[in-house]
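Here TrEMBL flags A:Thr98, A:Thr99, A:Phe126, A:Pro127, A:Thr128, A:Asp129, A:Asp198, A:His201, A:Tyr223, A:Trp253, A:Thr279 as pyridoxal 5'-phosphate binding site. Look at TrEMBL and you will find A:Lys224 tagged as N6-(pyridoxal phosphate)lysine.
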Number of protein chains: 2
Amino acid sequence: MKELQARASELDTSDPLAAQRERFVLPDGVVYLDGNSLGALPAAVPEALADGVHRQWGVGLIRSWNEHHWWQAPLRVGDTIGQLLGAAPGQTVAGDSTTVQLFNGLAAAARLRPGRRLLLTDPGHFPTDGYIADSVARLLGLEVLRVAPDDLPRCLAERGHEVAVAGYSPVDYRTGELHDMPAITRAVQEAGGLMLWDLCHATGALPVRLDELGVDLAVGCGYKFLSGGPGAPAFIYIARRHQAAFDHPLTGWNGHVDPFGLSGDYVPAPGVDRARIGTPPILSLLALEAALTAFEGVGMEQVRAKSLSLTGFFMDCADTLLDGLGFTVVTPREPHRRGSQVALRHPDAYPLVRALAARGVIGDMRAPDLLRFGVNALYVSHRDMLTAVRHLRQAVTQGEHRDPRFLHRAAVT
Amino acid sequence: MKELQARASELDTSDPLAAQRERFVLPDGVVYLDGNSLGALPAAVPEALADGVHRQWGVGLIRSWNEHHWWQAPLRVGDTIGQLLGAAPGQTVAGDSTTVQLFNGLAAAARLRPGRRLLLTDPGHFPTDGYIADSVARLLGLEVLRVAPDDLPRCLAERGHEVAVAGYSPVDYRTGELHDMPAITRAVQEAGGLMLWDLCHATGALPVRLDELGVDLAVGCGYKFLSGGPGAPAFIYIARRHQAAFDHPLTGWNGHVDPFGLSGDYVPAPGVDRARIGTPPILSLLALEAALTAFEGVGMEQVRAKSLSLTGFFMDCADTLLDGLGFTVVTPREPHRRGSQVALRHPDAYPLVRALAARGVIGDMRAPDLLRFGVNALYVSHRDMLTAVRHLRQAVTQGEHRDPRFLHRAAVT
């Protein structure tokens, strides 16, 4: 225990990102390990949003579409996100929800591969990805195959020539397992299909290198590791080579080549701005834009190094302090095989997560038995890791997971 | 002129809604007649949004989905909007953009009428409505007919048996003409089709009576007469009788019967909440929710009466002050035939709108030659009407529409 304390202290002292915590507002006495569900409040957001409300909306009124550059916000914020993903400017647009971006991107991707009738998706995906694949397949007369990442080589060998598009996430949202993005991208493309990555659990958490890997399309959300606020706008990345042929179903006026010409036929803008849909939620976009300043001067390699150090240390703490208490570490131990979270399996996951919250340690759970602890390297410390595991040990040893207060199920966990 | 001043003063003195202006923050020296494009800032918004940021997001973090009822926000805000539309609770959901709601609603409506292959839309519609009809038709193998409201009886007599759904707007966004909602709804339904209304220019501007008219579906935006902020969330209304069969393409996890069960198959929620899509933009929803409090204690009949008084008085001012200056009043004179705006035709519409803005009167224009003046009865006065028309007269008589400062075209008007 003393040793772990000493190590936490040492790691935090030599942490080159330690000062970034000042860029966030966190309540006293809370260890926040749910930034993979909703990122903490960046300190720059309140002022930016107040300015957006008072000066831009209140005083500028309709003129702010020009004078405060609201019209450019989806592309401007998109490019800033693109920087974190290794995407050159002009390929990323922010707006709408991940669900909507997935739908639009998946349908457009399938249309780029006419004659191929398979959509591949991960049976372990966050459910929306599967639902949307099913919906797109139904509309376009295609077939969805749910193929685990490990089974992809076999599937592609057999039916690769039929694959239009494969939609996968690099990080398993439950276990935190990190799949091999370069290998999967290559395999799908070698079979002639397009690769669409769902980056919800990767954006802002680890380097992605979209351009370098030659990824075709990607989507992701703004409210997890980007800390853009509850339900922050999502984004879509369309590799430049696909933009001119990107033929999407959500043909809103914002994506028209001449939006204010108000012509009756939809003629898409030539570049990535064709993926703009309707009028974007400017207040939420301004909050996201301010949140992204927390990444200024920070390299994604640094974020990744600290994230791995945090999750590695968490697992070491768990090995030492949770031994014999019914927990299994589900997240892979090898650094190259894990994202930015640690998942523990325990039959009492639900009451334990609630007991932890009562102790000021906020994680979350995924049914039926996983406790998830996400780490955002910009505001989480090694000391936080040890504190969390110590509280977990105390909660179990003191039987809090059998406390009726924590057994009653709330509407949302 | 003196007479018009006296009349403005008299009408404003006896205006039962005069006090509502206090519910909005308007910059000094500005007459704001573009609330049909972006509503002014309601005074309740800044505090509600600051609370949403600091206390709910910053302190509550992920817990606020429960503790501050974020999860219920789309339905709660939807029901509040529904009240303004004559819709009983449980039929309206707020979220996403109008484009997205239109797409989802139109596709679901078409699926409710299998075997019928026509989608009817207005050639004079805001362009997105036509684009989305074309997109849905392409996906579902249907045909779009662009039929002006006046031609609907003839079209329905000939091909009514083929009509799946008709999507119309009660108010022409350019001219302000108000179409006969009850008659159109009845005619479409008598032909066996479904009626989908785009209420962008009606919501918060006039009584709509969705339930009473037996409308099938409706969508609309939050940022015009609802004053919910730039790009505020839109909404969809699904009449209760259609909800169980509402089969939409945007099958996001928020619309699942058991969203946190995270099951692999999409099973929609039984009620209107199936029209929830992805995670909603909470900050923008909280702003919209606060904005809607400006309607508390105000009946839509009162709003309508004042709106008609304002637009009627505007036209009287135009008749008197703009005579012989090249303007034509395009908006119908009969009260039952106009919405909540006045449109004037003038060959120099663009520089005139800019010259007016420099004088502190903010309207907008629609290509090629329409000046639009929208009135929001909650914060516009009869005196504002006279001020606007006087400035317009002065701008023309002083040749400001030929001033090079106002001829250069900005990116967005």
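Here the Cβ of each residue, glycine as well, is placed from N, Cα and C on the backbone.
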### Task
List the residues of the same chain that sit at least 6 positions away from A:Thr98 (pyridoxal 5'-phosphate binding site) in sequence and have their Cβ under 8 Å from its Cβ, in sequence order, or write 'none'.
A:Thr128, A:Asp198, A:Cys200, A:Val219, A:Gly220, A:Cys221, A:Ala234
### Neighbour count (Cβ, 10 Å) for A:Thr128 (pyridoxal 5'-phosphate binding site)
27
### Summary
Of all C-alpha pairs drawn from the pyridoxal 5'-phosphate-binding set A:Thr98, A:Thr99, A:Phe126, A:Pro127, A:Thr128, A:Asp129, A:Asp198, A:His201, A:Tyr223, A:Trp253, A:Thr279, the farthest apart lie at a distance in Å of 30
### Query
Where A:Lys224 (N6-(pyridoxal phosphate)lysine) and A:Phe126 (pyridoxal 5'-phosphate binding site) are concerned, what is their Cα separation in Å, rounded?
14
### Query
Does DSSP put A:Thr98 (pyridoxal 5'-phosphate binding site) in a helix, in a strand, or in coil?
helix
### Task
State the three-class DSSP label for A:Asp198 (pyridoxal 5'-phosphate binding site), counting H, G and I as helix, E and B as strand, and everything else as coil.
strand
### Task
Determine the Cβ neighbour count for A:Phe126 (pyridoxal 5'-phosphate binding site): the number of other Cβ atoms within 10 Å of its Cβ.
20
### Message
My list of recorded positions is A:Thr98, A:Asp198, A:Tyr223, A:Lys224; which of them have a Cβ under 8 Å from any chain B Cβ, in sequence order?
### Response
A:Thr98, A:Tyr223
### C-beta crowding around A:Lys224 (N6-(pyridoxal phosphate)lysine), within 10 angstroms
27
### Query
Around A:Thr279 (pyridoxal 5'-phosphate binding site), which residues of its chain at least 6 apart sit with Cβ under 8 Å of its Cβ?
A:Asn254
